[in-house]
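Undergrad: I'd like to ask some things about the structure below.
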């Protein structure tokens, strides 16, 4: 009940503060995040931090990086917080409204059932006004608020006293003041005027500056005034707006005195503003060195904080690259070295705001250390009554447990707003934050993990030698090469026998050689596709198969010519002798080579990542480049195969002594059947099975030619040598002609 009242009061404060700050929001670069948490590391005790790190200028400041560095340094100290680890959560807000929301998220962002979920202290923000608003939120929760950079009333008093003494030292007794709306400037100016009067310094005017109105009043006052010294008491964002308007006016002869909020910003003093800001004076935070912080900052890599959009934006800003494909900049690889650039970020010799963050974290650590030393209600060092460890944690009472990463939060209209529903992210989407209002898609090359809280690279798939299907196809290819070589040896050993001579030994040897190439070319289809393998596999297949079919076609023509040569007065063999046979094979093959050259020179095949078949994996395949080129290669092979089949079919009843036609007819029937069945199977097979179908067609048609044409002859040569004689062949011819 008490917790509900406290959180209800925070809601009222938040609504009031947001209503009062909407008009004051800064203009900044939005980096697009579902929540405000930018960096985090869990621990037994948590320190929160609220910073503005979304604009390009803030990206190069190191104050937010000092917090994780200091936490890591403290965790390495065995004497400070023994037995407990310190964690942190950094929240990134831009504009007063978002900063307040970030602070509320920091307070209420923990796990409702875990003691580790709540922060024990909160650092920030640099704006005094925002810090006061955050203080209103934290005060009823007894959470320590450390203002590491923003000034409070005592600190502002010291700055005012210093500014008055500065003017007194230079004998500036007649001054003007320009300031802005807000706690920081208004209270500071009131204090300055009171102290200045005591030191006999007179204020000619005190004009309030707004970003959107009363500019003419400010200009008229500056132009008409006789005071040569002007105190510019405002925040950095208002100073930028003021100076941008001043660029259009030729107002010179003014000595500007600045507050600590902007006086050290060197980027304000551009060449164009030299006539305005030259000689400006003010007080700044002291510089100091922090051992180890410089090296820590320069070792930063995007991989250290993979979920941080800020680090990615910083990287793109420094190295003029992009983590997403872009036509205007190179791709970031994340391994670039920060030591190779020169910027405010890499200037790690001295620190200003960072030293305050460093001291603030140590102050919190020492306070927690003292509290954890309490025994029996008293501190053994001081003897005073103290708060136990359990009372440091606020246990929230909630209607619904927070939606875990991998789900999204949805408001149920029939229930109170805190009784929301959680829905698992749809397929292909993730959420990586607690109570995320939306799920987001993974990039095309990534897929959610099982918990749907992280995008992982999709596994790639291709026909590999290591898998069973690739191994089996490779084995059949090697067996085919071995059988072709074995038959070639048998034919070479018996090349003077009638059966080898009668069937044109030269074309037989060339056919066996081309069949070996056909078996070998199937191996180029196995393995990870590359630019060269994609071009080689299709062209090698097309040329070797045309060479093979050309030899078969030549043997078929020889059979027909040989039969006609036995007729009285026939001289046909004169016109298709060995020379003509070689030229015919060469001519048919050259046509295919020309088709392949045209294909490769226009739109060659290339490796491609196919993400259309499966959502959760990438198919690595060879795109055809030009479909016309691919089907032209297949079409030419088919044309020669059909022509060969027709001629062999016509010659099937010629005398056996000359006749290979029956064997060729049957082999070409198998060849055509395989490749006709290949077309629908090739078009409909997904992924690596497309490649397997093509390899199967190559092997099946090659084995068909090898077995049908050569195995019967090898059978006669080895097992029926009596039939491999001239006498036996003459007997068969006589029996055939009777």
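Glycine is treated like the rest: Cβ placed from N, Cα and C.
Pasting the feature list from TrEMBL:
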| type | residues | note |
| --- | --- | --- |
| DOMAIN | 469-733 | domain 'G-protein coupled receptors family 3 profile' |
| SIGNAL | 1-23 | signal peptide |
| TRANSMEM | 468-491 | transmembrane segment |
| TRANSMEM | 507-527 | transmembrane segment |
| TRANSMEM | 539-563 | transmembrane segment |
| TRANSMEM | 583-602 | transmembrane segment |
| TRANSMEM | 628-651 | transmembrane segment |
| TRANSMEM | 663-683 | transmembrane segment |
| TRANSMEM | 695-719 | transmembrane segment |
Undergrad: Where does the mean pLDDT land for the domain 'G-protein coupled receptors family 3 profile' (469-733)?
TA: 82
Undergrad: Which listed range (507-527, 539-563, 583-602, 628-651) shows the maximal number of Cβ pairs under 8 Å with respect to the transmembrane segment (695-719)?
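TA: Most contacts with the transmembrane segment (695-719): 507-527.
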Undergrad: So if I exclude everything within five residues of the ends of the transmembrane segment (539-563), which remaining residues of that chain have a CB under 8 angstroms from its CBs? That is, six or more out.
TA: 503-504, 507-508, 510-511, 514-515, 517-518, 521-522, 524, 572-573, 575-576, 581, 584-585, 588-589, 591-593, 595-596, 599-600, 633-634, 636-637, 640-641, 643-644, 647-648, 650-651, 654-655, 658-661, 664, 667-668, 671, 698, 701-702, 705, 709
